[in-house]
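Novice: Okay, here's the structure, questions in a sec.
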Amino acid sequence: MQDPNICQHCQLKDNPGALIWVKCDSCPQWVHVKCVPLKRIHYSNLTSSEVLSYPNSAKQIKSYRCPNHKEGEYLTAYALITQKGKRQRNKENPEDSHINKRYNFRKKKLLDYIALNEGESKRDKMNHPHKESFMKSFEKWKNGSNIINAADFAEKFDNIDVPYKIIDPLNSGVYVPNVGTDNGCLTVNYITEMIGEDYHVDVMDVQSQMNENWNLGSWNEYFTNTEPDRRDRIRNVISLEVSNIEGLELERPTAVRQNDLVDKIWSFNGHLEKVNGEKAEENDPKPKVTKYILMSVKDAYTDFHLDFAGTSVYYNVISGQKKFLLFPPTQSNIDKYIEWSLKEDQNSVFLGDILEDGIAMELDAGDLFMIPAGYIHAVYTPVDSLVFGGNFLTIRDLETHLKIVEIEKLTKVPRRFTFPKFDQVMGKLCEYLALDKNKITSDVSDGDLLSRTTNCAIQSLHAYVIKPEVKYKPLNFTSKKHLAKALADLIS
């Protein structure tokens with residue numbers, strides 16, 4: 001049998017005139033892209049366009065089938081389209097998407113993991129190049145002691161600054177409905193039926209860490225009805241927000257609901273006199289970041305990232321398994337993260353080898369995981385998995401949130417990857433604190449929000465809100481300047 005690492009066309013391992021390799025989707029065979037006859041290459045995004053030149057980057061290749069199969073050789077590529085003097089990818093380009101994403105992947109350079117192992121040489125679509133490094137780092141930092149019961153977690157919430165696995169998730173308040181399946185677990189098929197096959201989802205290609213535009217029907221066919229060895233690529237859905245989906249009864253943990261800063265301050269202006277004659281923003285929807293469904297196939301990998309605004313995260317595994325590798329937001333780790341984010345060759349560096357004080361946690365079906373603000377983390381999926389999770393800002397982590405937002409600006413994170421309406425949330429918080437509204441709230445379980453806000457946090461909030469680029473029109477103060485003055489008066 002021929003060595004699959006030898007090009008089937010030129011019979012060479014190394015060909016100076018053909019540096020880009022591609023692996024067959026259906027077998028281990030590798031070939032040089034430039035050895036494939038042009039007549040066997042087709043564009044995925046153009047229906048009637050003759051291919052006159054070879055792809056010049058592994059990122060342009062969508063799929064490949066080698067001559068060993070009866071269907072014949074066939075390479076599918078993305079066409080690069082020139083428009084108004086600029087080279088642009090077609091409409092499948094994830095840069096065209098304007099839906100808020102949870103994770104602030106950098107705009108500096110699209111990650112090209114496809115050709116990482118050998119520059120632009122070989123392209124294995126079923127194994128992420130960082131998988132081995134991730135597993136080594138996971139074993140190094142493996143942690144079995146960060147566990148806590150739900151009652152203690154809720155009671156100690158303000159003082160918690162490390163990730164915890166909740167040992168009694170059934171007592172946490174998190175709720176995922178049982179459905180009419182064999183084991184009663186929520187499934188991708190059920191979610192598709194509830195939301196609709198035509199509903200848009202952003203699907204991440206694990207190798208390139210880039211998003212593609214799919215509908216739920218196509219995703220369900222890929223996830224539910226395609227055997228793992230028949231999948232053309234490893235893919236991941238991590239940004240399906242479902243808080244507004246009727247009939248999908250999901251409930252967040254009690255500790256999350258009690259400490260979600262947006263929930264506390266978003267609508268309070270409606271109960272106070274408006275000195276500007278403005279109406280409260282009753283019809284202004286809250287940021288939708290509270291309930292996500294995450295669907296990942298075996299070997300899916302999400303590279304190191306910060307959730308937008310460094311939000312805290314709750315993470316309930318419905319089915320499958322997850323491996324988390326997390327690093328705290330120490331100044332040293334943050335500095336290294338910024339440096340890595342700004343590197344042109346960041347895809348060649350496994351950040352976990354550089355960061356310090358790691359925590360590695362393995363999650364199984366039924367587990368509930370709580371991540372505090374600012375943790376830099378990567379996630380690996382050993383088996384097909386379905387997860388219910390979400391993000392939330394807290395008064396506990398206000399300084400961290402503000403710090404991460406500045407890092408997002410420094411590293412030029414696209415707006416759609418940032419926390420929606422963050423400046424508006426901060427403005428409302430300023431009014432809430434300045435007016436000390438929490439003292440007259442009817443919900444005594446809220447506690448005294450102002451007393452939970454440190455002087456340092458108020459100083460950081462004041463420094464943020466007075467920036468000219470932060471736009472907010474107060475409802476209870478004549479101007480942002482007067483609001484800032486009232487906030488400054490709180491600092492003792």
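Just so you know, glycine gets a Cβ as well, placed from its N, Cα and C.
Sharing the record's features from Swiss-Prot:
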BINDING   T302, K322  substrate binding site
BINDING   H305, D307, H377  Fe cation binding site
DOMAIN    254-409  domain 'JmjC'
ZN_FING   4-72  zinc finger
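For each feature listed, report its degree of burial, its nearest neighbours and the pertinent distances within the displayed model.
Specialist: Cβ neighbour count for T302 (substrate binding site) (all protein chains, 10 Å cutoff from its Cβ): 21.
Every protein chain considered, the tally of other Cβ atoms within 10 Å of the Cβ of D307 (Fe cation binding site) stands at 23.
For the domain 'JmjC' (254-409), the model's average pLDDT works out to 91.
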Novice: Do me a favour and check the Cα-Cα span between D307 (Fe cation binding site) and K322 (substrate binding site); whole Å is fine.
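Specialist: Distance between the two Cα atoms comes out at 17 Å.
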Novice: Express the distance between the Cα positions of H305 (Fe cation binding site) and K322 (substrate binding site) as a whole number of Å.
Specialist: 16
Novice: By the count of other Cβ atoms within 10 Å, pick out the sparsest of the binding-site residues H305, H377.
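Specialist: Minimum Cβ neighbour count within 10 Å, taken over the binding-site residues H305, H377, occurs at H305.
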Novice: Rounded to the nearest angstrom, how far is the Cα of T302 (substrate binding site) from the Cα of H377 (Fe cation binding site)?
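Specialist: Here the two Cα atoms are 9 Å apart.
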Novice: Give the number of CB atoms, excluding that of K322 (substrate binding site) itself, located within 10 Å of its CB.
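Specialist: For K322 (substrate binding site), the count of other Cβ atoms within 10 Å is 23.
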